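Under the heading transmembrane segment, TrEMBL lists B:9-29, B:98-121, B:133-158, B:170-188, B:226-252, B:272-298. Residues annotated as domain 'ABC transmembrane type-1' in TrEMBL: B:94-291.
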Amino acid sequence: MTALLDISGLKVDVPGRAGTLHAIRGIDLSIGAGECFTIVGESGCGKSLTAMSVLGLLPRAAILSAERMSWKGQDMRRFSRRQWANLHGPEIAAIFQEPMTALNPVLTVGEQIIESFVHHRLGNRKAALARAGELLERVGVVPVERRLAQYPHEMSGGLRQRVMIAMALMCQPKLMIADEPTTALDVTTQVEILKLLKELQAEMGMALLLITHDLGVVAHMADRVAVMYAGQIVETGSVASVLTRSAHPYTSALLDCLPTRDQPLTPIPGVVPALFGELEGCMFRNRCRFAREACADPVPARSVGEGHVYRCLLEANEVAA
Amino acid sequence: MAAYVRSKVIVSLLVLFTVSLVGFALLHLSGDLAATLAGENASAEQIAELRHTMGLDRPLLAQYASWLADAARGDFGLSFFARESVLTMFLARIGTTAILAVSALILAIAVSLPLGMLAAVRPNSWLDWMVSGVALSGQALPGFFLALMMISFFGVTLRWLPISGSATPLHYVMPVVVLAIGAIPALMRLTRSGMMEVLEQDYIRTARSKGISSLRVMWKHAMRNAILPIISLSAVQLGTLLGGSVIVESVFAIDGIGLLTYRSIQRGDFPVVQAMLMFVSASYIILTLLADVINAWLDPRLRQKSQ
């Protein structure tokens, strides 16, 4: 199976007054048709920037470089403005973290939903409205007629996120990018939205790139996962393998952060390092209880089999012990 | 919406009433109108008699009440000097000033919006620097200087444009340009800063992720949000322009509201000054009201708040 999205050696630098911020420092990523891939990590680890890189919507100041970055075999690094525009909607669509601010306050929900469909010439306004109606019905934004005429401020956060989902689905994308889609919502709404995303993914046969900081979400949703720390993927593989046989101390520490009923949660000591200047070795070493001197040298990637890869000097079974 | 407009209108009328009262009082306390009217060689008796015939010796409130009663019926009295109805004098000039004001504002908006938008899309580009430069020099350049330079260049050297009067449309070109240049800096800077703020918003990123054209993102998604403060500013600027520009009207010898007001103040022509004061405040009030209504129509959130 050829991957929809195939990226290797992705780097994003953001030059600034305090020096250049190396926000993403060489990550590999590939997403196959119909699969659910999650990127998990703390704030500032570069997971959202990774999503924006794939969308071609990085901030103007950011500089992207990659050894390979392709969509269905086409080189995305050479995409013209027009090619990006053709990609957005029918190929890749996105929903974002803040449903409260992600919709335009002065346009009706209906106008915003149909825009992409009409612009990509998939049909006229009437056809667009019909499809918007079906999708809103499907995601549970009813009664459709009234909702289409409403403005975003007349809806709750959960409803707005459902509107965002319907909007993203309008052109039947092959890949949906969801950047922390439930972080800003209350817990019960979170569960509903995630469930909906999972169902829609199966129904539409699309791939889902889900960005989250919540390993619980990963366990529920994903086929494969990449754990990001300080602009690098420290561990990746199938969800079953990574979560049950985590080989990297950071993954294992994240798992310890999950609240359970009978055990107190264990926070990770220390803070995320600033990503300026020359960065060598494992960035987690100053927070890691297994750290040793050699961790300051470049750390090779090691395989545990079936695509499960991690970057650490420890043997695969040492962390769990 | 109707309730919103109604409450605004009531407040507006109160403001207008206050302005008329304060204006009336200040004008009467600012000097002895009878002495001014009688002239330098008049005797004390002549001044006293004039004061009595003009009714200027009555209590201030009584004078105000009769002025208000007349004004409410559209009668603003006679000019002390021209011996003409104030309304007639006003109507003879408002057309000229209104053409100048409206054309200047349209020109200013036509220049400011696209340039401000472009500057916002490419901050710190050469275009942005040019826009900032134009805004700065527009603000720094005095209107009279600009007017004189234009007259000497386009009027005298090139002989392209007539330099005084308001007889043909060509006569309006230079005064309109001078007035527009005065209004452009504020409009352009507000467009630039407003657009830059809006372009940072999440919903712009959403719009971009939909693959629609960047022109549509700019116009439909960004401008619809950024235009709200621009409408309010334009209303205020039109108010100022309708009050007439003494400088532009004097330099180009245009007989408009600005010049009339200026001369009347100089001569102590109280009925004219009071009427002009009412006109200027009424235009400000009506224009701001209009701007509020347009904004409420464009922004559903304002509409809801007002209900």
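Yeah, the Cβs are placed from backbone N, Cα and C, and that goes for glycine too.
Bear in mind that TrEMBL entries carry predicted annotations, made automatically and left uncurated.
These numbers come from a predicted model, not from an experiment.
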(request) Please check if the transmembrane segment (B:98-121) comes into contact with the transmembrane segment (B:272-298), where contact means 3 or more CB pairs closer than 8 Å and the residues in each pair are separated by 6 or more positions. (result) no
(request) Taking the transmembrane segment (B:272-298) as the first stretch and the transmembrane segment (B:9-29) as the second, find out whether 3 or more Cβ pairs fall under 8 Å, excluding pairs closer than 6 in sequence. (result) yes
(request) Report, as numbers and ranges, every residue of the chain located at least six residues beyond the transmembrane segment (B:170-188) whose Cβ falls under 8 Å of a Cβ in that stretch; write 'none' if there are none. (result) 99-101, 103-105, 107-109, 111-113, 115-116, 119, 131, 134-136, 138-139, 141, 143, 146-147, 150-151, 154-155, 161-164, 230, 233-234, 237, 241, 245, 248-249, 252, 254
